[in-house]
Amino acid sequence: MPAQFQKDTQYFKFCSYGFLKNLRFFDPFLFLFFLDKGLSFVEIGFLISFREVMVYILEIPAGIVADVLGRRKVMIFAFISYIVSFSVFYFANAFWLFMLSFIFFGFGDAFRQGTHKSMIIDYLRLKGWTSHKTSYYGHTRSWSQIGSAVSSLIAAVIVVLTGDYQSVFIFSTIPYFINLVMMTTYPKELDGAIVLHKGNDVWGNFRQVIRDLITTFKKPVVLKTVGNLSFYTGFYKAVKDYLQPLLETIAVSMPLFLALQEKQRSAVLVGIVFFFIHMTTAFASLSAGRFAKRFRNAAIPLNLTLISGFLFGVVAGVFYSFDWFVAAAALFVVIYAMENLRKPIGISHLTDNIDPALLTSSLSFQSLAETLIAAAIAPTIGWIADQYGIGRGLIAISGFMLIPAVLVRLKKR
């Protein structure tokens, strides 16, 4: 076995990238920001749907652009797109400007996701450290999780000091600008092979996605496995941020931080809770392997967490409706942890039980399914929340999701 990898300069750059990219100070306050701007829940839901669809569509040509321009330039473009997005959010007061912000955000996510992982893999190959890729990527991933946790606390401080939510966007440009500058110092060898593409190659990529989806639909086992993974992730993406107004309600209704104004009190509680959530989800990800080993096969924990996750959503909605806000918030934390517990088990199960020739098409279908499910749920729960309250929205959506959950239960082999 090759020698253990070295913690050289590039290792620290990779770790710094992971830490800085997760300093999205706006994440714990995005819903509260939109509500503060006068948007309804259904309008917020449409924005979330728009964001998910934009990222998926833009990911299709992203690989070709990386081949033509090189990975470093694509990453720099991604960070410029993020900075523009955050800046527009800071100044925006209209719905169409929020949509414009999410277009730039979509470019950033689409061109960043996957590109940096490829750079890490290439670096390990060049150094002869590919046998340590799991450990190496685990190190960089841990810094990403630390970044998320620290980000929540810094974001709370920003809101307390400025007294508004929009400032978190302009402060988020700082770590992204640092990442942009750092990307210019990456070695040229990580650009990958520069390949010239014809103009019709983008359309060819779209056609390949369609072929992949058709192939997936022809395999019931693949369809059910991908469905099991996608239904919960789509649900999670659409409902997770409803924790923010819930925490705001708790902060206002309880005798907490009384020396501060309402918005600042909310910020302190949101920052602390999301710090705890990120630490909990990090532990859940690390514990996924041990959790899966408690069962005969991965199908059992995947089925169990799928059904129980939706049931927790129903109960959280009931607690919310009866003004048991702290209990509802605790169940939201469980919903967060469940997603991070399921994901490693699900991907492992997918790769272990599906023909490698179908893996790419299966992952493509999973990404599309998650996007469509989240895009459908987000405005639906938003409309119900506007008309009947957040609690009933959670009950309705979580209860409805139990129906497809039964249909995509995996067979115990």
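Even glycines carry a Cβ here, placed using N, Cα and C.
Any TrEMBL annotation is an automated prediction that lacks curation.
On the 0 to 100 pLDDT scale, the domain 'Major facilitator superfamily (MFS) profile' (1-413) averages 86 in this prediction. Among the features that TrEMBL reports, domain 'Major facilitator superfamily (MFS) profile' is placed at 1-413.
According to TrEMBL, the transmembrane segment annotation covers 29-47 (among others).
Residues or ranges marked as transmembrane segment in TrEMBL: 82-107 (among others).
Beyond its flanks by at least six residues, the transmembrane segment (143-161) meets 15-16, 18-29, 167-168, 171, 260, 263-264, 267-268, 270-272, 274-275, 277-279, 281-282, 285 of its own chain at Cβ-Cβ distances under 8 Å. Annotation comment: TrEMBL describes 143-161 (among others) as transmembrane segment.
Annotation comment: TrEMBL describes 168-186 (among others) as transmembrane segment.
Long-range contacts of the transmembrane segment (267-286) within the same chain, counting only residues at least 6 positions beyond its ends with a Cβ under 8 Å from a Cβ of the stretch, are 27-29, 32, 142, 145, 148-150, 152-153, 155-157, 159-160, 243-244, 247-248, 250-251, 256-257, 260, 329, 333, 336-341, 343-344. Positions annotated as transmembrane segment by TrEMBL: 267-286 (among others).
Counting same-chain residues at least six beyond the ends of the transmembrane segment (306-336), those with a Cβ under 8 angstroms from any Cβ of the stretch are 228, 231-232, 235-236, 239-240, 242-243, 246-247, 249-250, 253, 273, 276-277, 280-281, 342, 389-399, 401-402, 405-406, 408-409. The annotation transmembrane segment is assigned in TrEMBL to 306-336 (among others).
What TrEMBL lists as transmembrane segment is 357-384 (among others).
Taken from TrEMBL, the feature transmembrane segment applies to 390-410 (among others). Remote same-chain partners of the transmembrane segment (390-410), defined as residues 6 or more beyond its termini with a Cβ less than 8 Å from a stretch Cβ, comprise 41, 224-225, 227-228, 231, 235, 238-239, 242, 245-246, 299, 302-303, 306-307, 310-314, 316-322, 328, 349, 377, 380-382, 384.
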Beyond the flanks of the transmembrane segment (168-186) by at least 6 residues, Cβ under 8 Å: 10, 13, 16-17, 20-21, 23-26, 29, 33, 72, 75-76, 79-80, 82-83, 86-87, 89-90, 119, 154-155, 158-159
